[in-house]
Amino acid sequence: MRQDHLISASHLSREDIEAVLDRAADIDADPAAFRQRHAGKVLGLCFFEPSTRTRMSFDSAMKRLGGQTVDMGPVESSSVKKGETLADTVRVVEGYADALVLRHPSEGAATMAAEFVDVPLVNAGDGAGQHPSQTLLDLYTIRENAGLDDLTIGIMGDLKYGRTVHSLAEALTNFDASQHFISPESLRLPRNVRYDLHASGAQVREHTELDEVLPELDVLYVTRIQRERFPDENEYRKVAGQYQIDSETLDAASDDLTIMHPLPRVDEISPDIDDTDHATYFEQAHNGIPVRMALLDILLSQDR
Ligand code: CP
């Protein structure tokens, strides 16, 4: 990878992405070969927002590389509660770790934090901004199940606040992918993301109904409506539950359709899909291990 930090998927070239995905495939094929790769190194985990998958898979990935982790723990029991700034927090934690993983509710927080540290910093989600390490595991899952070129993907749900969507859409511009965005009018992709997609020449279409496009799709990427990001609960209620899929919805889909979701889900994918061949979301979450191992391996091996 060309950069020291991973802040936005828009900074990733096709070569960067393939380097991580190929390394992840090597790890999947022979995890034992990587078991002592970063022995003696420490990863700092700074999560200012809740997380299950990202926090635990980075923790597990670092340990599977022979390293260790230090975790800031919940914000409530950290010195953030005493008024410590983000800049001071990351400057302190970089003294305890060889790389940092940061999740924060404010868009742009990772960009700002990276200005203050010399160790590699991974943006693990900044508000409604970006979540690029999720994108790498999403791309790995797509490559394994449907291939990344000549791909027709539908991305559905909360496209306005869904940071996994923003990162994935931008990363897919590196590939021959036709992207269909399905959402209520009020949750369309933000203007800046639409601008970037058009500027890159991406093949993009927007829809309000899934059935307009479902039969064409190789992959359907479903997202949760991000209730916590709505400034007005009434606005959330207007769209909650509008985009739900169940086995009946899939009557019109290709037999080979791959269904993905970054998780956690609320009610947007019925559990009756979980045991079908379409369901790929748990495999996708498990791919967080080889992909985050690969990412850490590359970032920790770079000459700085
Ligand atoms: N997909 C994802 O970011 O999940 P967590 O919020 O549990 O980390």
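Keep in mind that glycine also has a Cβ here, set from the backbone N, Cα and C atoms.
Residues annotated as domain 'Aspartate/ornithine carbamoyltransferase carbamoyl-P binding' in TrEMBL: 5-144. Applying DSSP to the domain 'Aspartate/ornithine carbamoyltransferase carbamoyl-P binding' (5-144) sorts its residues as follows: 69 helix, 23 strand, 48 coil.
Same-chain residues at least 6 positions away in sequence with a Cβ under 8 Å from that of Thr54 (carbamoyl phosphate binding site) are, in sequence order, Phe47, Val101, Arg103, Ala124, Gly125, His131, Ser133, Gln134, Gly288. What TrEMBL lists as carbamoyl phosphate binding site is Arg53, Thr54, Arg103, His131, Gln134, Leu263, Pro264.
Look at TrEMBL and you will find Lys82, Arg163, Arg224 tagged as L-aspartate binding site. Long-range Cβ proximity for Arg224 (L-aspartate binding site), meaning a same-chain Cβ under 8 A and a gap of 6 or more residues, is found for Gly157, Asp158, Gly162, His261, Pro264, Arg265, Val266, Glu268.
Under the heading domain 'Aspartate/ornithine carbamoyltransferase Asp/Orn-binding', TrEMBL lists 150-298. For the domain 'Aspartate/ornithine carbamoyltransferase Asp/Orn-binding' (150-298), residue counts in helix, strand and coil come to 62 helix, 27 strand, 60 coil, using DSSP.
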Could you tell me which of the binding-site residues Arg53, Thr54, Arg103, Leu263 have their C-beta within a distance under 6 angstroms of some atom of ligand 1?
Arg53, Thr54, Leu263
Taking only the Cα atoms, work out how far Arg163 (L-aspartate binding site) lies from Arg53 (carbamoyl phosphate binding site), in Å, as a whole number.
15
Looking only at Arg53, Thr54, Arg103, His131, Gln134, Leu263, Pro264, which the record lists for carbamoyl phosphate, tell me the maximum pairwise CA distance in angstrom.
16
Identify which of the binding-site residues Lys82, Arg163 has its Cβ surrounded by the largest number of other Cβ atoms within 10 Å, counting every protein chain shown.
Arg163
